[in-house]
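Take a look at the structure set out below.
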Amino acid sequence: MATDELATKLSRRLQMEGEGGGETPEQPGLNGAAAAAAGAPDEAAEALGSADCELSAKLLRRADLNQGIGEPQSPSRRVFNPYTEFKEFSRKQIKDMEKMFKQYDAGRDGFIDLMELKLMMEKLGAPQTHLGLKNMIKEVDEDFDSKLSFREFLLIFRKAAAGELQEDSGLCVLARLSEIDVSSEGVKGAKSFFEAKVQAINVSSRFEEEIKAEQEERKKQAEEMKQRKAAFKELQSTFK
């Protein structure tokens with residue numbers, strides 16, 4: 001494999017440099033300035049050696065992973081920036097989601113496990129069965145560790161916003177119930193939310209009424225046109 005060969009070459013090169021003590025043979029024909037530059041490579045050599053070591057370590061780790069040695073880094077352990085990865089949400093929305101995540105992360109380990117999710121759903125007023133909780137985690141569990149990282153928690157709201165969750169699924173219920181955080185929004189926030197819902201329903205009803213009125217008007221016009229045609233034909237027949 002090319003990766004193994006490159007890693008071997010880098011390791012051998014580092015070993016040879018270590019045995020040689022970093023000495024460089026004097027090259028004939030160099031003038032004074034060039035000789036001075038060639039004789040003072042300490043910082044550059046140190047930086048190059050550090051970069052070589054880092055690259056060698058990465059290549060060796062990749063070779064180990066390809067051979068089934070070592071464990072790959074799980075997505076939940078990777079550092080990510082929620083503001084750049086989840087651009088569809090505002091900073092305030094992400095902050096609210098983070099606050100909710102930390103509220104139910106009782107173990108303070110950066111994850112919401114099965115029992116913590118069970119407690120969350122009970123406090124939201126939508127208790128789930130053991131199997132239901134497992135299915136909730138499974139739907140966004142990218143690294144298959146049977147618990148939710150903050151990134152996976154954000155995926156719930158991304159899927160909900162995109163309409164990718166079934167209406168009766170536990171994750172959809174979680175996203176819907178967490179729209180109103182009574183502890184921060186208070187009764188006023190809940191009131192304004194439901195008023196907005198009622199207003200949206202009223203607007204929808206008015207829209208439906210307008211459509212029905214237009215349909216009735218078209219029917220009336222069609223009936224009048226039909227009657228005029230019949231009258232015209234009757235008038236024509238009298239002149240034959």
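Glycine residues also receive a Cβ, built from the backbone N, Cα and C atoms like all the rest.
These numbers come from a predicted model, not from an experiment.
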Checking feature assignment: region 'Disordered' per Swiss-Prot, candidates 13-38, 91-116, 195-220. Which range matches?
13-38
Given the candidates SER11, SER149, SER169, SER192, specify the residue that Swiss-Prot annotates with phosphoserine.
SER11
From LYS118, LYS123, LYS191, LYS233, pick the one Swiss-Prot annotates as N6-acetyllysine?
LYS233
Candidate set SER76, SER184, annotation phosphoserine, source Swiss-Prot, matching residue:
SER76
Rounded to an integer, what is the Cα-Cα distance in Å between SER11 (phosphoserine) and ASP143 (Ca(2+) 2 binding site)?
32
For GLU152 (Ca(2+) 2 binding site) and ASP109 (Ca(2+) 1 binding site), determine the Cα separation and express it in whole Å.
15
Got a sec? Which of these binding-site residues, ASP105, ASP109, ASP143, ASP145, GLU152, has the most Cβ atoms within 10 Å?
GLU152
Extra residues within 8 Å (Cβ to Cβ centroid of ASP105, ASP109, GLU116), Ca(2+) 1:
TYR104, ALA106, GLY107, ARG108, GLY110, PHE111, ILE112, ASP113, LYS147
